[in-house]
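> Reproduced below are the annotations present in Swiss-Prot:
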type	residues	note
REPEAT	251-274	repeat 'LRR 1'
REPEAT	344-367	repeat 'LRR 2'
REPEAT	368-390	repeat 'LRR 3'
REPEAT	392-413	repeat 'LRR 4'
REPEAT	414-436	repeat 'LRR 5'
REPEAT	437-459	repeat 'LRR 6'
REPEAT	487-510	repeat 'LRR 7'
Amino acid sequence: MQKPPLLLRRPLPPKFTKLSLHEKKTHTAKTGKIESLHVAFTEDETTSIKMDRTRFPDVLRNQSLTPINIQNIFLDHCVQERVTAISSPQKSTKHVREQIPDTATGSIFFPHCNSASTRIFGKQTNKMESSRKFKTMKDVYTEKRLENILILSSKFSKPKSTPGSVIAQKLEKMHPKHQPLPESPGYTYQHISRDLSATVPSPPPMTVSMKPEGQWPEHFKSTATLTLRVTEFPGFVSLPTPVLPRKPHRQSVIETLVTENGNIESVPKQIPPRPPEGLTKTEKIESEIHVVRGEGFKTVAATRYETITAMTNLAIVNCQVYGRNALNLKGFFILNCPDLTPLAFQLIYLNLSFNDLHYFPTEILCLKNLQILKLRNNPIKEIPSEIQQLEFLRIFTIAFNLITVLPIGLFSLSYLEELDVSYNELTFIPNEIQKLRSLEKLTVDGNELSFFPHGILKLNLTKIQFENNFTHPCFWRDNYLNNPQQLTQIISLFIVQNKLHKFYDKIPVEVQKLLKCTSRCEWCHGPKFGEGFRVIRSCDIFGASQLPVMFYVCSPSCYRRIKESSFVLDGSPSRRIALDVELSKEL
């Protein structure tokens, strides 16, 4: 026998009161800020709600939403359940924009399912709605709480006035969206809900005793019932880190350094692994072939001067190892010069300025190829004549010392080009300076000089500096005052100039000693006995003006001639040096 085809439609619902034909009013809710409500829901909670005949449209959300799986929908059945409903008297519906309070926790569910009567008579209702003209609704903004919204929570105590009971059984889960309907009307419905646990912390749940409720009254039995069960719920949700107050850059750097230092101190010291005990003696000898052993100076236990001495010795070793020809020990404040014999044929430059050397360092004399020597700012009082051993010395600086006399050996340096003896205690310069025929620059500032010797006119100087001395013309008169000559000196000069000693065959020994000429006249270049007569003449030479030059002459006649002369010969007939006649007449 052929079975009639199954009808795939729902059974007719019980009779309802006649629906009014007025236009269905819709509720629209827009929220700009999520605020906390009083109740929330979690997993495995079954709740039902009384569905209004009006339906709620989707609510706009800016964040990701969690789907809710509705297991079964029982139509016109009385089931024991726990109901949480927030109801309010019906008012005229408009587009409503609500503010959700900040205390809202858990999840908020906005129903999107139509009532049973709407689903059954949906076609007729749609026709009636299409025949009516759509009216624009005004937007209304309110600060009141949202109404007609279901709030579900796993731990929630409903008010005593709300009818309902706890459901004792769990319904089966149905995953496919399109399946034949079973005897008990049920289907799977994906709905969008809002999870606020990621942004707002949940307060502790309220503990209110729940009492089982009795059966629903008759006027509630005609309502549609929704049984919800959450199957998918977000797992662990990380809360955003609180925004700390802004710190100044300097404070942040200090805290970072303190943290790093604490981490360094907390790190345990690494103990090097011990070598295996099974190594033989031959292996130890082979491993020690490439080991470099030496001793370094320790500044912790040593004094300051010992440290400085070690540094100077290290500098000498570096010059010796790397073949350096210059050694700079400037500003070490050493008391004694280190041993320079390892660099005897290597160094050509040595700087010992700004130290505490009280004596001229004789260790320098071993440097055979030394060309530049600087001893500036040391308390040296004397230069030894042995300095002539530095044959190739070209530049010699010994300024800001305590030198009183220039040795004769200094004028034996035939290659000397620059001589700086400024700011010492020199009272005169020997006439032997004329031997320095290579000298080009002479600096004698800050001494006690009143004049220069006659021999300086024989040099080929390009520059001379003599500031801060007693060379002004007002000091000349005190320096060239002459004493009368002795009678023996006058007679000796007369005998020698007239060659009278040749007329005598035998001359006493004492007279022979008196007739021996010890010096020459700087004007006539004849013999001069005794000190002679002194005279200062001003010269404009070597780029300087009024350079005072002292002349020692043999007789009053030479004294008168040099005073009246406008030039002087430097020993060679081809060279004449102009003299300032007017200045000499004033004196």
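Heads up, residue numbers simply count up from 1 along the chain you see.
Each Cβ is built from the backbone N, Cα and C atoms, and glycine gets one as well.
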> Across the repeat 'LRR 4' (392-413), what are the DSSP residue counts per state (helix, strand, coil)?
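Across the repeat 'LRR 4' (392-413), the residues distribute as 5 helix, 3 strand, 14 coil.
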> With a Cβ cut-off under 8 Å, give me the same-chain residues at least six positions beyond the ends of the repeat 'LRR 7' (487-510) that come close to it.
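Sequence-remote neighbours of the repeat 'LRR 7' (487-510) are 517, 526-530, 554-555.
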> At a C-beta cut-off of under 8 Å, are there same-chain residues at least 6 beyond the repeat 'LRR 3' (368-390) that contact it? List them, or none.
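For the repeat 'LRR 3' (368-390), the nonlocal Cβ contacts are 330, 344-362, 396-410, 412-413.
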> On average, what pLDDT score does this prediction assign to the repeat 'LRR 3' (368-390)?
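Within the repeat 'LRR 3' (368-390), the model's average pLDDT equals 95.
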> Tell me the residue counts in helix, strand and coil for the repeat 'LRR 5' (414-436), as DSSP assigns them.
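Breakdown, helix to coil: 5 helix, 3 strand, 15 coil.
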